[in-house]
Amino acid sequence: MMASAAPVLGPVDPYLIPALDGVAYGLLLFVAASGLVFCFGVANILNLAHGTLYAIGAYTAAALLDGGWAMLLVALGVGVVASAGAGGLLAGLLAPVARRDHLTQALLTFGVALAGGSLLVTAFGPDSLPVRIPAALDGTVVLAGHRYAAYRLVFIGVAALLALLLYLAVARTRAGMLVRAAVDDADMVACLGVNPARIRLGVLTVAGALAGAAGVLGAPIIGPAPSTADNVLLLSLVVVVLGGLGSVRGTLLAALAVGEIQSLGVALAPTAAPFLLFAAMAVVLAVRARGLSGRWLRLRPRLGGTA
Amino acid sequence: MTPAGRRWLFRAGGAGLLGYAVAVPWLVDTYTTSVFARTLVLALVGVSVALLTGLAGLPTLGQTGPFAAGAYGSALVAMHVSSVGVVQVLTGALVGGLFALLTVPLVVYARGVVVLMITLAIGELTVTAASRWSSVTGGTDGLAGIPPIQPVWGMAALDGDRARYLYTLVVVGVVIAAVVMVLRTPAGLLLRASRDDEGRMRASGHRVTGYLAVAFTAAGAVAGVAGSLLVTAQQYVSPADFGFDVSALLLLGVVIGGATSIGGAVAGTALVIAVRDWLSGLLPGHAPLLLGGLFVLTAYLFPRGVAGFSTDVARLLRSRSGERTGRALRGGDRAGYGHRDRPLPAEVGATTGRPTGGSGADS
């Protein structure tokens, strides 16, 4: 869960800090959930082990960070490589069942999540672990009269940069073009000579890398604990449901919305807090009546063609 | 073996199992009896999962939602209103059904893996809500001290694991019998037809979405009854009873059981829950690892997707008895849980031939 916010001194505008927290939380969710969106949109795999990939990054951060900048970079590298490797491994495990139904694939990824979670608990113990962020960031800065955790402020910047890079990668590179094409029509991409197995491997590896990066950088916000994987998976799923598969922008907006609901919403309406995510899902699904976006409608059986 | 002979074999096997289920409390110790009661409860949730996954074509990971709603609803009734079993079971059904009805708009417009995702979110959000809404649900501590149940008005309160087990067995039996009977009416046929060829059903003027909404609500009511029985069986309820792992285990059990058959769902769920309990007793702390391995292994072992397993068995039996096998084989591809959204190119050739017959796996 969220680490406690920095002590707030001075005149307190009660909603500024939660709102800022919501941005940090939302950007973290964006980086974590975008991997899930890729898996689902491109390879059409519901990856229930996605939260575990995040947890690998978070545990890496807890194990390696010692308060210095060098170790932050090392942890980032190790975490990204480890999670990307785990994603690649998952792609390998999925290869034999690639032509089976979605249910089989989802159950397989859930098995991997169960086993992976168990291995992480065996390796790191059943308690939630503290994460030591670089000493220079371990303080507060004054922001419009409020004290705010420096790390979160920096995190907002870094995550925004990541989001921008991701957007550019999807919009401007050849790999991004393939991703967009595969979301649109995977069969056509395969007919054009792109091997679906390679797409799957690539997508799961990239998803792992993104989840790993989110895990290492986000460990001070959603820290490593046995419940982390479930927690991140759930929030990422809600982001996917809210944002659809159509665009990076949709995912970003959905992630920011979930972040704000989880922090600002809880501050504004503590009694309704347990149901806010439900309500958000219901509202979005109702507004976009019968689905989440054009992309979702297309996932349904094509009635016109066969009936 | 002739079809009639096979039917007799199934009936004899079923009767044997039922006899064993009735005799269990006198054969094992009280702790095991209570474990059996909980297994029965989860088997009933498994039936509701099978209703949606196999028969309606909406693969679900979220039946823990109405299950939890029914459990908390009847726990509150048991604590504050009435200790009569009939009232509690009806409360469970009502609350579970109402919960499902409220989530209908989230689910019925989606298909396939999207449903899996949305229902998973619903189930998880329910658990989150249950653990945070402490004033009603007791938070993560749950609700304890639920008074013993009287099955009907005027009867003595049940005490002891044996009595509670038998009560659970009776209610589960009645509900399953009701579900099977409803599925034998045209309603069941409409549901299967909607799953197998939605476009054709719509073209013939059937309101498929409406059917799915009814099925979803009914499955929620079944899960709600199971929730009420859970409260009776363990006299305690907490969010831990409705976790993500429970949903996944239920789905695994249903899929092992063949997804389309109610009997298979009961057997598969019971098997999976028994394996889980056995593993956690055998290797405390490492059960999830082995269980995870079991999931992966299951995914590999079933030849054409787990949902096709029972079709394979049926085909085997049929080929032994010299029947035609082609229909069962082709029907099986669509039998499990509805349409594939997007077949991979390699399978396009294999799946373009639409099956002409109904699925061979229903029984």
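Note that Cβ sites are derived from N, Cα and C of the backbone, with glycine treated the same way.
For reference, TrEMBL has these:
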- B:325-344: compositional bias 'Basic and acidic residues' (COMPBIAS)
- B:325-363: region 'Disordered' (REGION)
- B:12-28: transmembrane segment (TRANSMEM)
- B:40-61: transmembrane segment (TRANSMEM)
- B:67-91: transmembrane segment (TRANSMEM)
- B:98-122: transmembrane segment (TRANSMEM)
- B:165-187: transmembrane segment (TRANSMEM)
- B:208-230: transmembrane segment (TRANSMEM)
- B:250-275: transmembrane segment (TRANSMEM)
- B:282-302: transmembrane segment (TRANSMEM)
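Taking Cβ pairs closer than 8 Å, the transmembrane segment (B:67-91) reaches residues 45, 48, 98-99, 126-127, 130, 136-137, 143, 145-153, 157, 167, 171, 223-232, 237, 239, 241-242 in its own chain, all 6 or more past its ends. Scored by C-beta pairs under 8 angstroms, the transmembrane segment (B:40-61) has its highest count with B:208-230, from the stretches B:12-28, B:98-122, B:165-187, B:208-230.
Counted over residue pairs 6 or more apart, the CB atoms of the transmembrane segment (B:165-187) and the transmembrane segment (B:12-28) come under 8 Å in at least three pairs, which marks the two as touching. In summary, the transmembrane segment (B:208-230) does not lie against the transmembrane segment (B:282-302): fewer than three C-beta pairs, each 6 or more positions apart in sequence, are under 8 Å. Within the chain, the transmembrane segment (B:98-122) has long-range Cβ neighbours (under 8 A, six or more residues past its boundaries) at 57-63, 65-66, 69-70, 209, 212-213, 216-217, 219-221, 223-224, 244, 247, 337-341.
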